[in-house]
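Engineer: Okay, these came from TrEMBL:
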- A:263: active site (ACT_SITE)
- A:28-494: domain 'Aldehyde dehydrogenase' (DOMAIN)
(Lines of atoms letter the chains of each structure in order from A and count residues from 1; the text may use other names and numbers.)
(Lines give C-alpha, C1' and ligand atoms only; values in the text may rest on other atoms or scores of the structure.)
Protein backbone atom coordinates (compact mmCIF):
# COMPACT_ATOMS: atom_id res chain seq x y z
CA UNK A 1 0.00 0.00 0.00
CA UNK A 2 1.18 3.47 -0.82
CA UNK A 3 -0.29 6.92 -0.87
CA UNK A 4 1.32 9.22 -3.39
CA UNK A 5 1.98 12.75 -2.18
CA UNK A 6 -0.47 15.20 -3.68
CA UNK A 7 0.93 17.46 -6.39
CA UNK A 8 1.86 20.75 -4.79
CA UNK A 9 3.47 19.02 -1.80
CA UNK A 10 7.28 19.04 -1.86
CA UNK A 11 7.62 15.24 -2.04
CA UNK A 12 5.17 14.81 -4.94
CA UNK A 13 6.54 13.20 -8.11
CA UNK A 14 4.42 15.57 -10.22
CA UNK A 15 5.19 19.22 -10.44
CA UNK A 16 2.76 21.35 -12.37
CA UNK A 17 3.64 24.71 -13.80
CA UNK A 18 1.54 27.42 -12.15
CA UNK A 19 0.22 28.21 -15.61
CA UNK A 20 0.15 26.40 -18.99
CA UNK A 21 0.10 28.06 -22.38
CA UNK A 22 -0.64 26.38 -25.70
CA UNK A 23 1.84 23.98 -27.29
CA UNK A 24 2.19 25.29 -30.84
CA UNK A 25 5.00 24.84 -33.34
CA UNK A 26 7.24 23.17 -30.80
CA UNK A 27 7.02 25.83 -28.10
CA UNK A 28 4.75 27.18 -25.41
CA UNK A 29 2.77 30.06 -26.84
CA UNK A 30 0.75 32.60 -24.88
CA UNK A 31 -2.95 32.64 -25.81
CA UNK A 32 -3.73 35.56 -28.11
CA UNK A 33 -6.07 37.27 -25.68
CA UNK A 34 -3.89 36.49 -22.66
CA UNK A 35 -6.72 34.72 -20.85
CA UNK A 36 -6.37 31.65 -18.62
CA UNK A 37 -8.86 29.50 -16.76
CA UNK A 38 -8.52 27.79 -13.41
CA UNK A 39 -8.09 24.03 -13.38
CA UNK A 40 -9.34 22.33 -10.19
CA UNK A 41 -8.65 18.75 -9.10
CA UNK A 42 -11.79 16.71 -8.45
CA UNK A 43 -9.88 15.03 -5.60
CA UNK A 44 -10.32 18.09 -3.37
CA UNK A 45 -12.08 20.65 -5.56
CA UNK A 46 -9.05 22.98 -5.25
CA UNK A 47 -7.43 24.73 -8.23
CA UNK A 48 -3.88 23.52 -8.92
CA UNK A 49 -2.93 25.27 -12.16
CA UNK A 50 -4.17 27.68 -14.81
CA UNK A 51 -4.56 26.82 -18.47
CA UNK A 52 -4.74 28.92 -21.63
CA UNK A 53 -8.28 30.00 -22.55
CA UNK A 54 -7.87 30.06 -26.31
CA UNK A 55 -10.07 31.20 -29.15
CA UNK A 56 -10.12 31.20 -32.94
CA UNK A 57 -6.85 33.20 -33.24
CA UNK A 58 -4.96 30.53 -31.31
CA UNK A 59 -6.52 27.76 -33.38
CA UNK A 60 -5.39 29.55 -36.56
CA UNK A 61 -1.87 29.85 -35.17
CA UNK A 62 -1.83 26.13 -34.42
CA UNK A 63 -3.13 25.34 -37.91
CA UNK A 64 -0.39 27.53 -39.42
CA UNK A 65 2.18 25.52 -37.48
CA UNK A 66 0.55 22.21 -38.41
CA UNK A 67 0.37 23.03 -42.12
CA UNK A 68 3.97 24.21 -41.95
CA UNK A 69 5.04 20.84 -40.59
CA UNK A 70 2.67 18.49 -42.41
CA UNK A 71 4.39 18.21 -45.82
CA UNK A 72 7.78 17.22 -44.42
CA UNK A 73 6.26 14.94 -41.77
CA UNK A 74 4.11 13.26 -44.41
CA UNK A 75 7.24 12.52 -46.48
CA UNK A 76 9.20 10.90 -43.64
CA UNK A 77 9.62 7.16 -43.96
CA UNK A 78 7.41 4.84 -41.97
CA UNK A 79 10.57 3.75 -40.18
CA UNK A 80 11.27 7.31 -39.03
CA UNK A 81 7.75 7.89 -37.78
CA UNK A 82 7.72 4.51 -36.11
CA UNK A 83 10.92 5.38 -34.27
CA UNK A 84 9.38 8.63 -33.00
CA UNK A 85 6.31 6.80 -31.70
CA UNK A 86 8.47 4.20 -30.00
CA UNK A 87 10.52 6.94 -28.37
CA UNK A 88 7.35 8.58 -27.07
CA UNK A 89 6.31 5.20 -25.64
CA UNK A 90 9.72 4.73 -24.01
CA UNK A 91 9.61 8.22 -22.49
CA UNK A 92 6.13 7.55 -21.12
CA UNK A 93 7.23 4.24 -19.69
CA UNK A 94 10.16 5.88 -17.93
CA UNK A 95 7.64 8.30 -16.39
CA UNK A 96 4.82 5.84 -15.72
CA UNK A 97 4.30 6.83 -12.09
CA UNK A 98 4.51 10.52 -12.76
CA UNK A 99 1.95 10.35 -15.56
CA UNK A 100 -0.32 8.10 -13.51
CA UNK A 101 -0.34 10.45 -10.53
CA UNK A 102 -0.92 13.40 -12.85
CA UNK A 103 -3.86 11.57 -14.45
CA UNK A 104 -5.38 10.68 -11.07
CA UNK A 105 -5.01 14.23 -9.78
CA UNK A 106 -6.49 15.68 -12.94
CA UNK A 107 -9.41 13.31 -13.43
CA UNK A 108 -10.12 11.88 -9.97
CA UNK A 109 -9.55 8.29 -11.04
CA UNK A 110 -7.72 5.90 -8.70
CA UNK A 111 -3.99 5.94 -9.32
CA UNK A 112 -4.11 2.14 -9.14
CA UNK A 113 -6.14 2.17 -12.36
CA UNK A 114 -3.91 4.73 -14.08
CA UNK A 115 -0.81 2.69 -13.16
CA UNK A 116 -2.29 -0.60 -14.33
CA UNK A 117 -4.44 0.47 -17.27
CA UNK A 118 -4.54 4.04 -18.58
CA UNK A 119 -0.84 4.74 -18.93
CA UNK A 120 0.38 1.22 -19.84
CA UNK A 121 -2.37 1.02 -22.48
CA UNK A 122 -1.34 4.39 -23.88
CA UNK A 123 2.29 3.28 -24.03
CA UNK A 124 1.31 0.07 -25.80
CA UNK A 125 -0.89 1.99 -28.19
CA UNK A 126 2.04 4.09 -29.42
CA UNK A 127 4.09 0.89 -29.83
CA UNK A 128 1.26 -0.82 -31.67
CA UNK A 129 0.94 1.94 -34.25
CA UNK A 130 4.73 2.20 -34.46
CA UNK A 131 4.61 -1.46 -35.47
CA UNK A 132 1.67 -1.56 -37.86
CA UNK A 133 2.79 1.45 -39.87
CA UNK A 134 6.00 -0.44 -40.67
CA UNK A 135 3.99 -3.42 -41.85
CA UNK A 136 1.39 -1.52 -43.85
CA UNK A 137 1.49 -2.23 -47.59
CA UNK A 138 -0.19 -0.73 -50.58
CA UNK A 139 -1.48 -3.15 -53.15
CA UNK A 140 -1.66 -3.45 -56.90
CA UNK A 141 -4.28 -4.89 -59.19
CA UNK A 142 -3.64 -6.26 -62.64
CA UNK A 143 -6.47 -4.80 -64.73
CA UNK A 144 -5.19 -6.44 -67.89
CA UNK A 145 -1.82 -7.51 -69.22
CA UNK A 146 -0.68 -3.90 -69.79
CA UNK A 147 -2.63 -2.00 -67.16
CA UNK A 148 -1.91 -1.95 -63.46
CA UNK A 149 -3.76 -0.16 -60.67
CA UNK A 150 -1.41 0.76 -57.85
CA UNK A 151 -2.85 1.79 -54.50
CA UNK A 152 -0.85 3.92 -52.11
CA UNK A 153 -1.79 5.34 -48.71
CA UNK A 154 -1.14 9.02 -48.24
CA UNK A 155 -1.71 11.16 -45.14
CA UNK A 156 -4.70 13.50 -45.02
CA UNK A 157 -2.59 16.50 -44.02
CA UNK A 158 -3.75 18.30 -40.88
CA UNK A 159 -6.41 16.78 -38.65
CA UNK A 160 -8.33 18.14 -35.65
CA UNK A 161 -8.90 16.00 -32.56
CA UNK A 162 -11.16 16.80 -29.62
CA UNK A 163 -10.47 14.72 -26.54
CA UNK A 164 -12.85 13.73 -23.71
CA UNK A 165 -12.13 14.06 -20.01
CA UNK A 166 -12.68 10.51 -18.79
CA UNK A 167 -9.30 9.06 -19.88
CA UNK A 168 -7.39 12.21 -20.86
CA UNK A 169 -4.06 10.56 -21.72
CA UNK A 170 -5.42 7.32 -23.17
CA UNK A 171 -8.10 8.98 -25.31
CA UNK A 172 -5.56 11.49 -26.61
CA UNK A 173 -3.28 8.56 -27.45
CA UNK A 174 -6.04 6.62 -29.24
CA UNK A 175 -6.37 9.53 -31.61
CA UNK A 176 -2.77 10.70 -31.78
CA UNK A 177 -0.96 7.43 -32.37
CA UNK A 178 -2.72 6.42 -35.62
CA UNK A 179 -2.84 10.01 -36.94
CA UNK A 180 0.89 10.57 -36.38
CA UNK A 181 1.82 7.09 -37.62
CA UNK A 182 -0.06 7.76 -40.84
CA UNK A 183 1.96 10.95 -41.35
CA UNK A 184 -0.54 13.65 -40.39
CA UNK A 185 0.04 16.78 -38.38
CA UNK A 186 -2.42 17.30 -35.53
CA UNK A 187 -4.15 20.12 -33.71
CA UNK A 188 -5.52 18.64 -30.51
CA UNK A 189 -7.92 20.22 -28.04
CA UNK A 190 -8.04 18.53 -24.64
CA UNK A 191 -11.24 18.64 -22.60
CA UNK A 192 -11.50 21.82 -20.54
CA UNK A 193 -12.19 19.63 -17.49
CA UNK A 194 -8.88 17.77 -17.83
CA UNK A 195 -6.21 19.62 -19.81
CA UNK A 196 -3.22 19.37 -17.47
CA UNK A 197 -2.07 15.75 -17.71
CA UNK A 198 -1.83 16.04 -21.50
CA UNK A 199 0.28 19.18 -20.99
CA UNK A 200 2.53 17.28 -18.57
CA UNK A 201 2.93 14.69 -21.35
CA UNK A 202 3.75 17.41 -23.89
CA UNK A 203 6.49 18.66 -21.57
CA UNK A 204 7.92 15.14 -21.41
CA UNK A 205 7.95 14.40 -25.16
CA UNK A 206 8.48 17.89 -26.55
CA UNK A 207 11.95 17.09 -27.92
CA UNK A 208 10.83 13.94 -29.76
CA UNK A 209 8.55 15.35 -32.45
CA UNK A 210 9.44 17.89 -35.14
CA UNK A 211 7.95 21.32 -34.29
CA UNK A 212 4.37 21.75 -35.52
CA UNK A 213 3.60 18.06 -36.00
CA UNK A 214 1.59 17.99 -32.77
CA UNK A 215 -0.06 21.15 -31.46
CA UNK A 216 -2.23 21.45 -28.35
CA UNK A 217 -4.72 24.29 -28.03
CA UNK A 218 -6.55 24.58 -24.71
CA UNK A 219 -9.84 26.17 -23.92
CA UNK A 220 -13.58 25.75 -23.99
CA UNK A 221 -15.61 24.02 -26.67
CA UNK A 222 -17.55 27.10 -27.70
CA UNK A 223 -14.41 29.27 -27.95
CA UNK A 224 -11.67 26.87 -29.12
CA UNK A 225 -13.42 23.62 -30.08
CA UNK A 226 -15.79 25.14 -32.61
CA UNK A 227 -13.12 27.13 -34.52
CA UNK A 228 -11.18 23.88 -34.82
CA UNK A 229 -14.10 21.63 -35.78
CA UNK A 230 -15.53 24.16 -38.25
CA UNK A 231 -12.20 25.13 -39.79
CA UNK A 232 -11.80 24.73 -43.57
CA UNK A 233 -8.08 24.03 -43.02
CA UNK A 234 -8.81 20.79 -41.18
CA UNK A 235 -8.99 17.61 -43.29
CA UNK A 236 -10.71 15.43 -40.74
CA UNK A 237 -12.19 15.80 -37.28
CA UNK A 238 -12.17 13.10 -34.61
CA UNK A 239 -14.38 13.60 -31.58
CA UNK A 240 -15.36 11.63 -28.52
CA UNK A 241 -18.29 12.98 -26.56
CA UNK A 242 -22.07 13.14 -26.77
CA UNK A 243 -24.72 13.10 -29.46
CA UNK A 244 -25.64 16.78 -29.75
CA UNK A 245 -22.03 17.90 -30.12
CA UNK A 246 -21.45 14.93 -32.44
CA UNK A 247 -24.25 16.17 -34.69
CA UNK A 248 -22.91 19.71 -34.56
CA UNK A 249 -19.45 18.50 -35.59
CA UNK A 250 -20.96 16.55 -38.50
CA UNK A 251 -22.85 19.67 -39.46
CA UNK A 252 -19.60 21.68 -39.59
CA UNK A 253 -17.90 18.82 -41.43
CA UNK A 254 -20.65 18.81 -44.04
CA UNK A 255 -19.90 22.48 -44.71
CA UNK A 256 -16.25 21.62 -45.33
CA UNK A 257 -16.91 18.22 -46.95
CA UNK A 258 -14.55 16.39 -44.65
CA UNK A 259 -14.85 13.05 -42.83
CA UNK A 260 -15.45 12.67 -39.12
CA UNK A 261 -14.91 9.93 -36.60
CA UNK A 262 -17.40 10.13 -33.74
CA UNK A 263 -17.55 8.10 -30.55
CA UNK A 264 -20.67 9.16 -28.70
CA UNK A 265 -21.21 6.78 -25.83
CA UNK A 266 -23.68 4.07 -25.00
CA UNK A 267 -25.87 2.33 -22.50
CA UNK A 268 -24.12 -0.98 -22.58
CA UNK A 269 -25.95 -4.14 -21.51
CA UNK A 270 -24.08 -6.72 -19.44
CA UNK A 271 -25.97 -9.99 -19.90
CA UNK A 272 -25.58 -12.85 -17.40
CA UNK A 273 -27.10 -16.18 -18.48
CA UNK A 274 -28.12 -18.57 -15.73
CA UNK A 275 -25.30 -21.04 -16.31
CA UNK A 276 -22.76 -18.58 -14.89
CA UNK A 277 -24.01 -19.74 -11.49
CA UNK A 278 -23.82 -23.45 -12.34
CA UNK A 279 -20.80 -23.80 -10.08
CA UNK A 280 -19.27 -21.67 -7.35
CA UNK A 281 -15.87 -21.55 -8.98
CA UNK A 282 -13.36 -19.13 -10.43
CA UNK A 283 -15.57 -18.50 -13.50
CA UNK A 284 -18.47 -17.46 -11.27
CA UNK A 285 -16.11 -15.20 -9.36
CA UNK A 286 -14.98 -13.68 -12.65
CA UNK A 287 -18.56 -13.01 -13.73
CA UNK A 288 -19.31 -11.30 -10.39
CA UNK A 289 -16.30 -9.10 -11.00
CA UNK A 290 -17.76 -8.46 -14.46
CA UNK A 291 -20.94 -7.16 -12.85
CA UNK A 292 -18.93 -4.81 -10.61
CA UNK A 293 -17.15 -3.35 -13.64
CA UNK A 294 -19.78 -0.60 -13.83
CA UNK A 295 -17.83 1.16 -11.09
CA UNK A 296 -14.58 1.18 -13.06
CA UNK A 297 -13.35 4.74 -13.52
CA UNK A 298 -16.35 5.85 -11.40
CA UNK A 299 -18.60 4.77 -14.28
CA UNK A 300 -17.11 7.48 -16.48
CA UNK A 301 -16.53 5.16 -19.40
CA UNK A 302 -18.45 5.26 -22.68
CA UNK A 303 -18.80 1.48 -22.45
CA UNK A 304 -19.77 1.41 -18.76
CA UNK A 305 -21.85 -1.77 -18.34
CA UNK A 306 -24.63 0.34 -16.89
CA UNK A 307 -27.47 -2.09 -17.60
CA UNK A 308 -27.07 -5.52 -16.02
CA UNK A 309 -29.52 -8.13 -17.33
CA UNK A 310 -29.66 -11.26 -15.22
CA UNK A 311 -31.60 -14.43 -15.96
CA UNK A 312 -34.61 -14.92 -13.70
CA UNK A 313 -33.74 -18.39 -12.49
CA UNK A 314 -30.52 -17.25 -10.75
CA UNK A 315 -31.38 -13.60 -10.20
CA UNK A 316 -31.73 -13.61 -6.41
CA UNK A 317 -28.63 -15.63 -5.62
CA UNK A 318 -26.55 -13.79 -8.23
CA UNK A 319 -27.57 -10.37 -6.92
CA UNK A 320 -26.89 -11.37 -3.31
CA UNK A 321 -23.36 -12.36 -4.28
CA UNK A 322 -22.93 -9.33 -6.51
CA UNK A 323 -23.90 -6.93 -3.73
CA UNK A 324 -21.49 -8.70 -1.36
CA UNK A 325 -18.81 -8.19 -3.95
CA UNK A 326 -19.58 -4.49 -4.22
CA UNK A 327 -19.21 -4.22 -0.46
CA UNK A 328 -15.51 -5.02 -0.83
CA UNK A 329 -14.86 -2.09 -3.19
CA UNK A 330 -12.66 0.53 -1.57
CA UNK A 331 -13.59 4.11 -2.26
CA UNK A 332 -11.25 6.82 -1.13
CA UNK A 333 -8.30 9.07 -1.91
CA UNK A 334 -7.46 8.51 -5.58
CA UNK A 335 -3.75 8.78 -4.78
CA UNK A 336 -3.94 5.75 -2.46
CA UNK A 337 -2.97 2.62 -4.41
CA UNK A 338 -5.57 0.61 -2.47
CA UNK A 339 -8.41 2.83 -3.71
CA UNK A 340 -10.61 1.28 -6.41
CA UNK A 341 -13.21 4.03 -6.82
CA UNK A 342 -12.17 7.67 -6.72
CA UNK A 343 -13.84 10.99 -7.51
CA UNK A 344 -16.15 12.03 -10.34
CA UNK A 345 -14.32 14.32 -12.73
CA UNK A 346 -16.18 17.57 -12.05
CA UNK A 347 -18.88 19.19 -9.98
CA UNK A 348 -21.39 19.32 -12.85
CA UNK A 349 -20.79 15.61 -13.43
CA UNK A 350 -21.53 14.98 -9.75
CA UNK A 351 -24.70 17.06 -9.96
CA UNK A 352 -25.85 15.23 -13.08
CA UNK A 353 -25.37 11.83 -11.46
CA UNK A 354 -27.33 12.93 -8.39
CA UNK A 355 -30.13 14.24 -10.63
CA UNK A 356 -30.30 10.81 -12.31
CA UNK A 357 -30.43 9.05 -8.97
CA UNK A 358 -33.34 11.36 -8.17
CA UNK A 359 -35.27 10.58 -11.38
CA UNK A 360 -34.56 6.87 -10.90
CA UNK A 361 -36.25 7.00 -7.51
CA UNK A 362 -39.16 9.04 -8.89
CA UNK A 363 -39.70 6.47 -11.64
CA UNK A 364 -40.00 3.77 -9.00
CA UNK A 365 -36.66 2.03 -9.32
CA UNK A 366 -35.41 0.54 -6.07
CA UNK A 367 -31.96 1.36 -4.73
CA UNK A 368 -30.23 -1.86 -3.63
CA UNK A 369 -27.06 -0.10 -2.52
CA UNK A 370 -25.49 3.37 -2.65
CA UNK A 371 -27.55 6.19 -4.11
CA UNK A 372 -25.80 9.10 -2.46
CA UNK A 373 -22.88 11.46 -2.43
CA UNK A 374 -20.01 10.38 -0.18
CA UNK A 375 -18.11 12.74 2.14
CA UNK A 376 -14.64 11.30 2.67
CA UNK A 377 -13.72 13.92 5.27
CA UNK A 378 -10.72 16.21 5.64
CA UNK A 379 -9.41 17.77 2.45
CA UNK A 380 -11.36 15.25 0.39
CA UNK A 381 -14.64 16.78 1.63
CA UNK A 382 -14.47 19.23 -1.27
CA UNK A 383 -14.10 16.40 -3.81
CA UNK A 384 -16.83 14.85 -5.93
CA UNK A 385 -17.49 11.33 -4.63
CA UNK A 386 -20.53 9.13 -5.32
CA UNK A 387 -21.13 5.70 -3.74
CA UNK A 388 -21.36 2.80 -6.22
CA UNK A 389 -25.09 2.50 -6.76
CA UNK A 390 -27.33 -0.37 -7.87
CA UNK A 391 -30.88 0.28 -9.06
CA UNK A 392 -33.44 -2.45 -9.70
CA UNK A 393 -36.09 -1.54 -12.27
CA UNK A 394 -37.13 -2.05 -15.86
CA UNK A 395 -35.69 -1.13 -19.22
CA UNK A 396 -38.26 1.59 -19.98
CA UNK A 397 -37.00 3.76 -17.11
CA UNK A 398 -34.77 6.66 -17.98
CA UNK A 399 -31.95 5.31 -15.81
CA UNK A 400 -31.93 2.30 -18.18
CA UNK A 401 -31.91 4.43 -21.31
CA UNK A 402 -29.52 7.29 -20.62
CA UNK A 403 -25.84 7.30 -20.00
CA UNK A 404 -25.44 8.53 -16.42
CA UNK A 405 -21.64 8.44 -16.60
CA UNK A 406 -21.41 7.63 -12.94
CA UNK A 407 -20.92 4.49 -10.79
CA UNK A 408 -24.55 3.54 -11.27
CA UNK A 409 -25.90 0.26 -12.68
CA UNK A 410 -29.54 -0.46 -13.44
CA UNK A 411 -30.47 -4.12 -13.04
CA UNK A 412 -33.35 -6.04 -14.61
CA UNK A 413 -34.36 -9.67 -15.05
CA UNK A 414 -34.86 -11.61 -18.26
CA UNK A 415 -36.65 -14.88 -18.84
CA UNK A 416 -34.94 -16.52 -21.80
CA UNK A 417 -32.50 -15.90 -24.65
CA UNK A 418 -34.94 -13.97 -26.84
CA UNK A 419 -35.99 -11.77 -23.94
CA UNK A 420 -32.36 -11.03 -23.13
CA UNK A 421 -31.52 -9.99 -26.69
CA UNK A 422 -34.67 -7.92 -27.06
CA UNK A 423 -33.93 -5.95 -23.89
CA UNK A 424 -30.23 -5.66 -24.65
CA UNK A 425 -31.03 -4.13 -28.04
CA UNK A 426 -33.81 -1.88 -26.75
CA UNK A 427 -31.57 1.19 -26.59
CA UNK A 428 -30.59 4.09 -28.82
CA UNK A 429 -26.96 3.11 -28.49
CA UNK A 430 -24.67 0.28 -29.49
CA UNK A 431 -21.14 0.82 -28.27
CA UNK A 432 -20.34 -1.97 -25.82
CA UNK A 433 -21.96 -5.06 -24.37
CA UNK A 434 -21.04 -7.97 -22.15
CA UNK A 435 -22.15 -11.58 -22.48
CA UNK A 436 -21.48 -14.11 -19.73
CA UNK A 437 -22.13 -17.82 -20.25
CA UNK A 438 -20.31 -21.12 -19.86
CA UNK A 439 -22.02 -22.31 -23.04
CA UNK A 440 -19.98 -21.38 -26.09
CA UNK A 441 -22.95 -21.51 -28.44
CA UNK A 442 -25.09 -19.20 -26.29
CA UNK A 443 -22.23 -16.78 -25.79
CA UNK A 444 -21.39 -16.70 -29.49
CA UNK A 445 -24.99 -16.26 -30.65
CA UNK A 446 -25.66 -13.52 -28.10
CA UNK A 447 -22.47 -11.76 -29.08
CA UNK A 448 -23.59 -11.74 -32.71
CA UNK A 449 -27.21 -10.80 -31.97
CA UNK A 450 -26.46 -7.79 -29.77
CA UNK A 451 -26.21 -4.66 -31.88
CA UNK A 452 -23.00 -3.18 -30.54
CA UNK A 453 -19.54 -2.55 -31.93
CA UNK A 454 -17.72 -4.25 -29.06
CA UNK A 455 -19.16 -7.27 -27.31
CA UNK A 456 -17.01 -8.65 -24.53
CA UNK A 457 -17.62 -12.36 -24.03
CA UNK A 458 -16.74 -13.62 -20.56
CA UNK A 459 -14.72 -10.53 -19.82
CA UNK A 460 -15.28 -6.77 -19.73
CA UNK A 461 -13.45 -3.44 -19.91
CA UNK A 462 -10.42 -4.80 -21.72
CA UNK A 463 -9.00 -2.43 -24.36
CA UNK A 464 -6.17 -4.01 -26.35
CA UNK A 465 -4.82 -1.91 -29.21
CA UNK A 466 -5.30 -4.77 -31.69
CA UNK A 467 -9.13 -4.95 -31.29
CA UNK A 468 -11.45 -2.55 -33.13
CA UNK A 469 -13.59 -0.25 -30.97
CA UNK A 470 -16.59 1.82 -32.01
CA UNK A 471 -20.32 2.11 -32.09
CA UNK A 472 -23.47 0.94 -33.80
CA UNK A 473 -26.63 3.10 -33.90
CA UNK A 474 -26.34 6.45 -32.08
CA UNK A 475 -22.99 5.50 -30.57
CA UNK A 476 -21.06 6.99 -33.43
CA UNK A 477 -19.31 6.59 -36.73
CA UNK A 478 -16.01 4.92 -37.42
CA UNK A 479 -13.68 2.88 -35.26
CA UNK A 480 -10.69 3.42 -33.04
CA UNK A 481 -7.85 1.04 -32.22
CA UNK A 482 -6.68 -1.74 -34.54
CA UNK A 483 -4.55 -1.19 -37.63
CA UNK A 484 -7.75 -0.47 -39.59
CA UNK A 485 -7.62 2.91 -37.83
CA UNK A 486 -4.84 3.93 -40.21
CA UNK A 487 -7.47 4.06 -42.97
CA UNK A 488 -9.32 6.75 -41.01
CA UNK A 489 -6.25 8.98 -41.29
CA UNK A 490 -5.20 8.21 -44.86
CA UNK A 491 -6.27 8.87 -48.39
CA UNK A 492 -6.07 6.13 -50.99
CA UNK A 493 -4.06 7.19 -54.00
CA UNK A 494 -4.72 5.12 -57.07
CA UNK A 495 -2.18 5.25 -59.87
CA UNK A 496 -3.73 3.67 -62.96
CA UNK A 497 -0.79 2.93 -65.24
CA UNK A 498 -0.75 1.74 -68.83
CA UNK A 499 2.33 -0.13 -70.02
CA UNK A 500 1.01 -0.30 -73.60
CA UNK A 501 2.25 1.75 -76.56
CA UNK A 502 -1.08 1.43 -78.37
CA UNK A 503 -3.68 4.24 -78.53
CA UNK A 504 -6.78 3.57 -76.49
CA UNK A 505 -8.89 3.72 -79.68
CA UNK A 506 -11.42 6.35 -78.57
CA UNK A 507 -10.34 9.33 -80.69
CA UNK B 1 -40.04 20.62 -39.49
CA UNK B 2 -40.84 19.01 -36.25
CA UNK B 3 -43.46 20.90 -34.37
CA UNK B 4 -44.99 18.73 -31.67
CA UNK B 5 -48.30 17.09 -32.31
CA UNK B 6 -51.18 19.50 -31.73
CA UNK B 7 -52.39 17.45 -28.78
CA UNK B 8 -49.08 17.91 -27.04
CA UNK B 9 -48.96 21.66 -27.26
CA UNK B 10 -51.26 22.12 -24.28
CA UNK B 11 -48.91 20.48 -21.81
CA UNK B 12 -45.83 22.27 -20.56
CA UNK B 13 -42.88 19.96 -21.05
CA UNK B 14 -40.01 22.22 -20.14
CA UNK B 15 -39.38 25.06 -17.70
CA UNK B 16 -36.46 27.16 -16.52
CA UNK B 17 -35.31 28.16 -13.02
CA UNK B 18 -34.91 31.85 -12.17
CA UNK B 19 -31.17 31.39 -11.77
CA UNK B 20 -30.86 29.75 -15.19
CA UNK B 21 -32.95 32.53 -16.71
CA UNK B 22 -30.56 35.13 -15.29
CA UNK B 23 -27.61 33.36 -16.86
CA UNK B 24 -29.48 33.02 -20.16
CA UNK B 25 -30.15 36.77 -20.24
CA UNK B 26 -26.45 37.36 -19.57
CA UNK B 27 -25.42 35.01 -22.39
CA UNK B 28 -27.98 36.61 -24.69
CA UNK B 29 -26.07 39.88 -24.26
CA UNK B 30 -22.96 38.24 -25.73
CA UNK B 31 -24.39 35.76 -28.23
CA UNK B 32 -27.82 37.12 -29.18
CA UNK B 33 -30.94 34.93 -29.20
CA UNK B 34 -30.33 31.40 -27.91
CA UNK B 35 -31.59 27.84 -28.28
CA UNK B 36 -31.21 24.54 -26.42
CA UNK B 37 -30.72 21.04 -27.78
CA UNK B 38 -30.83 18.28 -25.20
CA UNK B 39 -27.92 15.88 -25.63
CA UNK B 40 -27.61 12.17 -24.97
CA UNK B 41 -24.74 9.71 -24.76
CA UNK B 42 -21.28 9.86 -23.34
CA UNK B 43 -19.27 12.33 -21.24
CA UNK B 44 -21.39 15.47 -21.16
CA UNK B 45 -24.39 13.64 -22.60
CA UNK B 46 -27.77 14.12 -20.97
CA UNK B 47 -26.84 17.80 -20.67
CA UNK B 48 -28.81 20.58 -22.30
CA UNK B 49 -26.58 22.29 -24.88
CA UNK B 50 -27.08 26.04 -25.32
CA UNK B 51 -26.21 27.63 -28.68
CA UNK B 52 -26.82 30.87 -30.52
CA UNK B 53 -30.22 30.41 -32.19
CA UNK B 54 -29.74 28.60 -35.51
CA UNK B 55 -26.20 27.39 -34.75
CA UNK B 56 -27.45 23.84 -34.33
CA UNK B 57 -29.49 22.69 -37.29
CA UNK B 58 -32.69 21.01 -36.13
CA UNK B 59 -34.73 18.94 -38.53
CA UNK B 60 -37.25 16.19 -38.94
CA UNK B 61 -35.32 14.05 -36.44
CA UNK B 62 -36.03 16.57 -33.65
CA UNK B 63 -38.96 17.51 -31.44
CA UNK B 64 -39.62 21.05 -30.25
CA UNK B 65 -40.35 20.64 -26.53
CA UNK B 66 -41.33 24.22 -25.84
CA UNK B 67 -40.05 27.76 -25.45
CA UNK B 68 -38.56 29.23 -22.30
CA UNK B 69 -39.59 32.69 -21.20
CA UNK B 70 -36.39 34.19 -19.79
CA UNK B 71 -37.61 37.77 -19.58
CA UNK B 72 -36.08 38.73 -22.92
CA UNK B 73 -37.91 39.96 -26.03
CA UNK B 74 -37.81 36.47 -27.55
CA UNK B 75 -38.17 33.05 -25.96
CA UNK B 76 -35.58 30.27 -26.00
CA UNK B 77 -36.68 27.17 -27.92
CA UNK B 78 -35.79 23.75 -26.51
CA UNK B 79 -35.28 20.77 -28.81
CA UNK B 80 -34.53 17.09 -28.42
CA UNK B 81 -33.98 14.30 -30.90
CA UNK B 82 -37.22 12.44 -31.63
CA UNK B 83 -35.79 9.05 -30.69
CA UNK B 84 -34.69 10.41 -27.32
CA UNK B 85 -38.07 12.11 -26.85
CA UNK B 86 -39.77 8.72 -27.17
CA UNK B 87 -37.92 7.70 -24.01
CA UNK B 88 -38.19 10.98 -22.10
CA UNK B 89 -41.75 12.04 -22.96
CA UNK B 90 -43.23 10.93 -19.63
CA UNK B 91 -41.01 13.39 -17.76
CA UNK B 92 -41.14 17.14 -17.31
CA UNK B 93 -37.79 18.92 -17.59
CA UNK B 94 -36.54 22.01 -15.79
CA UNK B 95 -33.38 23.67 -16.99
CA UNK B 96 -31.30 24.67 -13.98
CA UNK B 97 -27.71 25.81 -13.55
CA UNK B 98 -24.88 24.51 -11.33
CA UNK B 99 -21.22 25.33 -10.87
CA UNK B 100 -19.31 23.39 -13.45
CA UNK B 101 -16.62 23.12 -15.97
CA UNK B 102 -17.67 23.16 -19.56
CA UNK B 103 -19.25 20.74 -21.88
CA UNK B 104 -19.32 20.35 -25.63
CA UNK B 105 -19.74 23.64 -27.46
CA UNK B 106 -22.39 24.97 -25.07
CA UNK B 107 -21.95 28.73 -24.71
CA UNK B 108 -22.13 28.99 -20.91
CA UNK B 109 -19.04 26.84 -20.25
CA UNK B 110 -16.53 29.73 -20.00
CA UNK B 111 -18.64 31.31 -17.21
CA UNK B 112 -17.77 28.42 -14.85
CA UNK B 113 -21.43 27.45 -14.72
CA UNK B 114 -23.23 24.66 -16.47
CA UNK B 115 -26.85 24.11 -17.42
CA UNK B 116 -28.38 20.96 -15.99
CA UNK B 117 -31.72 19.26 -16.56
CA UNK B 118 -33.81 18.32 -13.55
CA UNK B 119 -36.64 15.91 -14.25
CA UNK B 120 -39.90 14.92 -12.64
CA UNK B 121 -42.63 12.57 -13.76
CA UNK B 122 -45.58 14.19 -15.49
CA UNK B 123 -48.59 14.34 -13.18
CA UNK B 124 -51.69 12.33 -14.08
CA UNK B 125 -53.39 15.53 -15.24
CA UNK B 126 -50.44 16.45 -17.42
CA UNK B 127 -50.23 12.93 -18.79
CA UNK B 128 -53.92 13.08 -19.66
CA UNK B 129 -53.23 16.20 -21.71
CA UNK B 130 -50.54 14.50 -23.77
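Quick reminder: no glycine exception, Cβ is built from N, Cα and C everywhere.
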Engineer: CB neighbours of the residue listed as 'active site' within 10 A?
Structural biologist: 30
Engineer: Averaged over the whole of the domain 'Aldehyde dehydrogenase' (A:28-494), what is the pLDDT?
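Structural biologist: Mean per-residue confidence for the domain 'Aldehyde dehydrogenase' (A:28-494): 97 out of 100.
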Engineer: Looking only at DSSP and grouping its letters into three states, which state does the residue listed as 'active site' belong to?
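Structural biologist: Assignment for the residue listed as 'active site' reads strand.
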